[in-house]
């Protein structure tokens, strides 16, 4: 069986070099491991790149194999890209139409369907304008939100420097506590830490809720929030939050902290959290499209996140860190170590 992985090498969680080193070779044994046994979803994903059956002797050098493939395609008119497992005509939805209004009718089949990833773009809405607002380029996140982080940080640091920030002042003036400007870095880092916890909780309990099969609107909500990403994990236009819905979340968290804490304290914590959000979205994009060096932190996080997509959707909820997966015991199960042949 012959596969053209040209469009996949950058996405491979093990890195490009592992695939390039095996070009033109039989990889049947590699799919069973080591280093790990590929999941059913990973094997289903592979079938999207299926070209046909290789004619002739598959052994020999990579160069000879490449030439043989070209010659085979020339003499065999049936060697056209075919999809044996992922058959769009037999799928549960019509991919020629917007999906958002279709998925609610899948009922009990939705959860299994949405966790079988495909490599094709998704259209959600009929309206071109609303569809455009549901997508965004990765660089829009730092361009839009970094200036706000810098402005809030400078503004609230100046407020701290004036020496009139008081904790508990809204409850009692007798026992209020002055907050020095030296507390600014700690509050900012606290915001970063709180965002990492928020990221985990949202991903685990909101994005990975299992909507009831008889609830059309909860299925629709799940799909627009996160299901679409699991169905098409390499649709780069949907990997970071679009500015319009993101601004609603940003406004909510800012207002919440302002009501809970003194303005400068809440604003500083919010600025740190907003930086955490930027780093989270950039990390998430890189884990899908980057090629980190083997053994690096991002290499391990990329493998961790892709396993979440393809094999362990009910665990491994951390994107930028595994800290809260450790804390809440939601790490992915360890695979049995296979001996090298």
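Each position is counted from 1, following the chain as shown.
A Cβ is built for glycine as well, from the same backbone N, Cα and C atoms used for every other residue.
Look at TrEMBL and you will find 1-55 tagged as domain 'Cytochrome b5 heme-binding'. Here TrEMBL flags 12, 38 as heme binding site. For 137-157, 183-202, 239-261, 267-287, the entry in TrEMBL reads transmembrane segment. What TrEMBL records for 203, 208, 226, 229, 230, 284, 288, 305, 308, 309 is Zn(2+) binding site.
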(request) Could you tally the C-beta atoms, other than its own, that fall within 10 angstroms of the C-beta of residue 230 (Zn(2+) binding site)? (result) 20
(request) Could you check which of these binding-site residues, 203, 226, 230, 308, sit within 10 Å of residue 12 (heme binding site), going Cα to Cα? (result) none
(message) Please report the Cα separation of residue 288 (Zn(2+) binding site) and residue 38 (heme binding site) in Å, rounded to an integer.
(response) 18
(request) With a Cβ cut-off under 8 Å, give me the same-chain residues at least six positions beyond the ends of the transmembrane segment (239-261) that come close to it. (result) 133-136, 138, 140-141, 144-145, 198, 229, 267, 269-270, 273-274, 277, 281-282, 284-285, 288-289
(request) Take the transmembrane segment (183-202) and find every residue of the same chain, 6 or more past its ends, with a Cβ under 8 Å from one of its Cβ atoms. (result) 153, 156-157, 160, 253, 265, 268-277, 280, 317-321, 323-325, 328
(message) Can you break down the domain 'Cytochrome b5 heme-binding' (1-55) into helix, strand and coil residue counts using DSSP?
(response) 20 helix, 5 strand, 30 coil
(message) Checking distant contacts: for the transmembrane segment (267-287), what same-chain residues at least six beyond its ends satisfy Cβ-Cβ under 8 A?
(response) 138, 141-142, 145-146, 148-149, 152-153, 155-157, 160, 184, 187-196, 198-199, 236, 239-241, 250, 253-254, 257-258, 261, 298, 301-302, 305-306, 319-320
(request) Please report how many Å separate the Cα atom of residue 38 (heme binding site) from that of residue 226 (Zn(2+) binding site), as a whole number. (result) 24
(message) Cβ atoms within 10 Å, counted per site: which of 38, 203, 288 has the most, among these binding-site residues?
(response) 288
(message) I need the most crowded of these binding-site residues: 12, 226, 308. Count other C-beta atoms within 10 angstroms of each C-beta and give me the top one.
(response) 308
(message) Over the span of the domain 'Cytochrome b5 heme-binding' (1-55), how high is the average pLDDT in this prediction?
(response) 81
